[in-house]
Amino acid sequence: MDWLGAFFGFQRDNVRNQREHLVLLLANAQMRLSSADFSDTLEPRIARSLRRKLLRNYTSWCGFLGRRPNVYVPDADPRADLLFAGLHLLVWGEAANLRFVPECLCYIYHHMALELHRILEGYTDTATGRPANPAVHGENAFLTRVVTPIYGVISSEVESSRNGTAPHAAWRNYDDINEYFWRRDVFDRLGWPMEQSRQFFLTPPDRSRVRKTGFVEVRSFWNIYRSFDRLWVMLVLYLQAAAIVAWDGATWPWQNLQARREAQVRVLTVFITWAALRFLQSLLDIGTQIRRAFRDGRMLAVRMVLKAIVAAGWVLVFAVLYKGIWNQRDSDRGWSQAANSRIMRFLYAAAVFVIPEVLAITLFIIPWVRNALEKTNWKICYALTWWFQSRSFVGRGLREGTFDNVKYSIFWVLLLAVKFSFSYFLQIRPLVKPTKEIYRLSKVPYAWHEFFGQSNRFAVFILWLPVVLIYLMDIQIWYAIFSSLAGAFVGLFAHLGEIRDMKQLRLRFQFFASAMSFNIMPEEQHVNERTFLPNRLRNFWQRLQLRYGFSRSFRKIESNQVEARRFALIWNEIITKFREEDIVSDLEVELLELPPELWNVRVIRWPCFLLCNELSLALGQAKEVPGPDRRLWRKICKNDYRRCAVIEVYDSAKYLLLEIIKERTEEHGIVTQLFREFDESMKLEKFTVEYKMSVMQNVHAKLVALLSLLLKPNKDITKIVNALQTLYDVVVRDFQTEKRSMEQLRNEGLAQSRPTSLLFVDTVVLPDEENATFYKQVRRMHTILTSRDSMVNVPKNLEARRRIAFFSNSLFMNIPRATQVEKMMAFSVLTPYYNEEVLYNKDQLYKENEDGISILYYLQQIYPDEWDFFIERMKREGMSDIKELYSEKQRLRDLRHWVSFRGQTLSRTVRGMMYYYEALKMLTFLDSASEHDLRTGSRELATMGSSRIGSSRRDGGAGGSGYYSRASSSRALSRATSGVSSLFKGSEYGTVLMKYTYVVACQIYGQQKAKNDPHAYEILELMKNYEALRVAYVDEKHTSGGETEYFSVLVKYDQHLQQEVEIYRVKLPGQLKLGEGKPENQNHALIFTRGDAVQTIDMNQDNYFEEALKMRNLLEEFNRHYGIRKPKILGVREHVFTGSVSSLAWFMSAQETSFVTLGQRVLANPLKVRMHYGHPDVFDRLWFLGRGGISKASRVINISEDIFAGFNCTLRGGNVTHHEYVQVGKGRDVGLNQVSMFEAKVASGNGEQTLSRDVYRLGHRLDFFRMLSFFYTTIGFYFNTMMVVLTVYAFVWGRFYLALSGLEDYISKNTSSTNNAALGAVLNQQFVIQLGLFTALPMIIENSLEHGFLNAVWDFLKMQLQFASVFYTFSMGTKTHYYGRTILHGGAKYRATGRGFVVEHKKFAENYRLYARSHFLKAIELGVILVVYASYSSSSGNTLVYILLTISSWFLVSSWILAPFIFNPSGLDWLKNFNDFEDFLNWLWFQGGISVKSDQSWEKWWEEETDHLRTTGLWGSILEIIIDLRYFFFQYAIVYRLHIANGSRSILVYLLSWTCILLAFVALVTVAYFRDRYSAKKHIRYRLVQAIIVGATVTAIVVLLEFTKFQFIDAFTSLLAFLPTGWGIISIALVFKPYLRRSETVWKTVVTVARLYDMMFGVIVMAPVAVLSWLPGLQEMQTRILFNEAFSRGLHISQMITGKKAHGV
């Protein structure tokens, strides 16, 4: 590597970094060899395999461009393999932002590899006669001469984007730069070394520079049709055909077709429509891509134009042929032979038309042929496919195997069959009759001036529009139903939810040990062993045995002590981690852990919670079951826990009594003889004959009394002796069947030979207090003897129960067998971090909000049991007073950790990810531990554990029995040295460091250190506490010349030097952030990761020790085939841990959980379209290393950066799978404002995805059914959500039109379809489904699968009682607004949601700023329409009909207005709302200044809220104006209803109504003019003008009342007409803002009016909130609903929120 660095001018630290990288890759690959093949020298096949994997993308690129790869490696020459692989790593490691353009790196590597080959072959330079040297060489030459020029091009393009606000078509992003290197002529255009005079390096504003390459992103809704044209063609053609067939009114569609030839012929018009849709597609292609086409190659432009001409030709041909059919039929006056021949002619043309579709279906059936054709680089194949698709390096060979094809095809065929049947019978056919009746109406008396005569066509359009919209989107509904059922089916076969709680775990715990050994512990593996099928069959049979109990596997473990000890070590370490996390108590640790082999117990010592009540039941059986020993023992042995409990208590009692009685005493001999007789009696199966079973209860009671005395802190020896004597008397005198005399007892050694004193006096010796192990075993024995309940509530904490249940269930799922740690795949974890919380400080813990609630107090109430366990742990570790938590330094830090580990902090994430390190160390030890190591180790741990947990010798333990109270003990071991780590031999650390690396990309850590930011200190503390943690950051250095240099730096904490040390420092070509921040941060740190895989983890995530144990199993998935491909991304299940914080967090958690489990399960299998939706997926690191990295970073278009990694993976032939036997914790937003900002970001990201080249290519390159799956699970979900809202608009506006025009009244009186009942039934049915199905059904089914049906239904009912439907409806509005606005105008941006605890009240002004345009204004608009409709509709007289027609619309209106207050703490508090409204008015009227922020001034907020209109394009402006014109329709509809109109239908009525608008505008301008000119100095003139205007207005009203039909009510009615018009004018004025600002007076008037409108909107929104606040009891109920997932703690939380908490902790 040093040689390569010197020749090619790589940086020294880059060489060092990649040398370590390469060595670790080779070492790990060498370790994976079987022991038979292992040697100290590097295997040549390893070097070759690594080189091929690293260069696979380069090799494909060369083939695509028709070039031979410049990698020349002689056979069996690992040196050459290593040199070429090392060169690739060095290029990649120093490429910086160029890593996002992988084919650019291929181009660079192609030339450098050729130079390397010439050097290795000893070529001489013909010009100099010297040995060949690279074209680019010298110190740091690669960075300065190769990377920096290309970086400069990208940077200049980004600058020209105006921070992403410029149209995408105006500048080149990362993808455009990369796709430039897909051109065959790129070698001629750039050359080598690349000259900066070439066109490629020209930068804006140079017009001759290279423009967009490969694709042009155009902001338009037409992208949805253009990318998924096959879907829309299917929907449109079926709608047309169904309407034609249903028109004749028969019940069944085939009846119409069979009965009438006319219907058959009319159906042929679908081919005309089909051809027209193809023509539309070609026009869209031309309109969006023609400029790029002429630049990229004339043939592409020619193809676009030819396709348009051909499509237009087909339209013309079909139209002419269709017209000929009817002409022939009319001339023949019937369906003659000639007419039929014309039909056949049409069909022949149609057959030719569909040939491409038939070919596509054929290739779909045999997918391997399609893959072969697309992957081949033969020119003949390019010629054959030239007409159908553009030549592209990605998106080739995406077809799946036949079996997968069949699975997802069946899914979609069934779904479409149900959808189309439903649409025909319940949507289309019911509308035929009302359509005909309305269409036949004549001389309709319109209530206004009708521009289109007496035509009813618009009424028919109004009738059909909502139904058509629902028809176009309802596949989304059917997808939710079918995917839920399919997900449940797949989940059942994956054995999810078989262990749901501790009760079910208790039933299967016997098999749990074997399952853990089978899955967690490795099997002997031999790489070259050719017994694949037998191994698979053996594994399958063993899994069946474990899962269904076909064998008594636990008995095997009883004899195989090695496996039992391994299981005990793992299980106990899991419980220990639970205790460290404070989710179990010390008592529960003793009840849950597996005790070691002590006291000569002959059976497995199951955890106490499994043995509870078993001894009592055994005693009852002994008393009730008559007969011989064998029958009784068989009865007891039916329950193995009972058998083990009986044997353990017997063996323990024997050991205990002999332990506390002095050896070599007569009493010791008596007890020994007694047990000898018991053993002999049981051996001869005469125990029930020789002893009275009825006395066993008495023996039990006496033994319990003895144990109770032993466990008391102050032990009274006299009482213990008395208890022993009592026990002895019962056993000797009462227990035996045959009474024996004292002499017989003495002769048999069961009594004193000379009774000089009482038995056991002076012979009892108790172990010292330090012998904690002894007393721990006594407590265990006492628990087994005395427990009467089933302990199903152990552990008490719900999170602990959930984790145990999930872990135990996962071991019975189909998990790949684990390898030894040495042979596992190495992996890294990468976490991007910016400036979020690392560890909460003291001030944050105690800072109270306006209600007096601190984070600490809030968490104490939300997690009361965990707080109690934390206090218990602190007391055990030496805390004597709870006040030490707030004063003593170490205790305060413990408290800060406790709080931070329950928030979304970096410290929580790091702790979770470092569980991998701890788990791998333990597994490494267990892999190599001998039986002796395990036996001695388990005993050592038992002693240490006893010391760690400790036992109190004093009474008065808090919260329960004194037996289990804990004492502070100076002997307690520190947490750092406790656990299995004390047994390690030392080699484990080195092995694990080779296998695992954790890098946190703290982008601004250098700046934080320079500023002495507390975050930097906390990050340093994390490195100090976790030795495997590495921190990567970008360092900025200012040179003497005033320039800034940037470096990627990796640091760690050196435990020997006790300081932070720098490992690597790689110089960057410039500033890091050119694109989106998070992917750029990931990219710069990716070079410091190691291994074959990398897991991406966000900093709001957590991990669990027990899940970390399964990581090496998960990594084995990379070696499995899923279909015809191995996976490149392993999807992992997430658990949302913030669900318990509030009901809103619960809703979000439930929604997220159903997606990350059931949703992604179905996407992976059977649909095969799972993408990368964020963290915590595991990437095949080496595969992605050369293909653009683990995310995309182009500004704005890749704002949802994660999913583009999935797109990129799929397009490049990768496979994404989903695995649910591993889970990772994840935090979600917990407040409504946080949730809304997050959903706004995601919706905006989907809007940008709609425009992207990735979505377009997937929409065209995937087969039809995978394309459907892809659409409805990505942008289609947001588009269809928007369609639902548009349906509400269409329905409400349509009803408004029918009512105000007078059509509704006329139709109801003159048709049989009163109130269009068919339409009402269809719409309401659809609305009921859409309001609850998208989220409810998947949640119910997934909960049923994992928690049981009744629990799922109960959770659903609770959610409805807590207004979940309101939240989901509100969320629908958020998605619709931001998705639609992003496509129309842009404006997508990263929105920092904050990840704190939301326990504070949000002011009304803040809610208004966030929701005014997205929800409030739309809700007010719909509400006004519904009110007007109620006033003028003929159906409003029938209340029931009106409610049925509008209930879903009113629900949407109320949800959009009230949700921000329902889910706002103290949102219905009268005093707070009063103060909030005052604050709102102050914000509204605050004038502000230059540096004022939007949360201080309405005017600044208004500017920012309308900023997207400033950057929108021409079509966006035009469409905005068209949409705003709807507000003018209010005025047109209502003015004709005024009394002053006197029933006139003249257009003059409407035109004269505009005089009111103009007069109002003139008045406002006049007042504004005189206010600015005279209000300060000549105030009288300003007041005079105001008086004149008011007087003129009053005079006008009086005149109108006197001389016209004007009535006073008209003044209020006209407000409904003119106020929407005013808002429409304001909205249109914003589009023309650049022009209107030239007139200061006009623009100030616009601003003034807009401010008044916002004040009016605020009053309208606040009005219902004020009414609800005034009503008694609603505030308490709202608080209970908001802050409690279960109503039990609601009142307490309510007292918290209203400031009634008692002071103190």
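Any Cβ shown, glycine's included, is placed from N, Cα and C.
These features come from TrEMBL:
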type     : residues  : note
DOMAIN   : 79-195    : domain '1,3-beta-glucan synthase component FKS1-like'
REGION   : 945-966   : region 'Disordered'
TRANSMEM : 231-253   : transmembrane segment
TRANSMEM : 265-284   : transmembrane segment
TRANSMEM : 304-325   : transmembrane segment
TRANSMEM : 346-369   : transmembrane segment
TRANSMEM : 408-426   : transmembrane segment
TRANSMEM : 447-471   : transmembrane segment
TRANSMEM : 1270-1292 : transmembrane segment
TRANSMEM : 1439-1463 : transmembrane segment
TRANSMEM : 1547-1570 : transmembrane segment
TRANSMEM : 1582-1601 : transmembrane segment
TRANSMEM : 1608-1632 : transmembrane segment
TRANSMEM : 1652-1671 : transmembrane segment
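If you look at the transmembrane segment (1652-1671) against the transmembrane segment (1439-1463), you find at least three C-beta pairs under 8 angstroms, all six or more positions apart, and that counts as contact. The DSSP breakdown of the domain '1,3-beta-glucan synthase component FKS1-like' (79-195) into helical (H, G, I), extended (E, B) and coil residues amounts to 77 helix, 2 strand, 38 coil. Residues of the same chain lying 6 or more positions beyond the ends of the transmembrane segment (1547-1570) and with a Cβ under 8 Å from any Cβ of it are 448-449, 1531-1532, 1535-1536, 1541, 1581-1582, 1585-1586, 1589, 1614, 1617-1618, 1621-1622, 1625, 1641-1642, 1644-1645, 1648-1649.
Ranked by Cβ pairs under 8 Å to the transmembrane segment (231-253), the stretches 304-325, 408-426, 1270-1292, 1439-1463 are led by 408-426.
Nonlocal intrachain contacts for the transmembrane segment (1608-1632), taken as residues 6+ away from its ends with a CB within less than 8 angstroms of a stretch CB, comprise 1421, 1424, 1428, 1506, 1509, 1517, 1520-1521, 1524-1528, 1530-1531, 1533-1535, 1537-1540, 1553, 1556-1557, 1560, 1597, 1601, 1646, 1649-1650, 1653, 1656. Relative to the transmembrane segment (304-325), the listed stretch 265-284 leads the set 265-284, 346-369, 1270-1292 in CB pairs under 8 A.
Here the transmembrane segment (1270-1292) has long-range neighbours at 224, 228, 231, 465-466, 469-470, 472-473, 475-476, 479, 1159, 1163, 1167, 1169, 1171, 1203, 1243, 1246-1247, 1249-1250, 1255, 1258-1259, 1262, 1323, 1326-1327, 1330, 1334, 1372-1373, 1375-1376, 1379-1380, 1422, 1425-1426, 1429, 1446, 1448-1449, 1452, meaning same-chain residues at least 6 beyond its ends whose C-beta is under 8 angstroms from one of its own.
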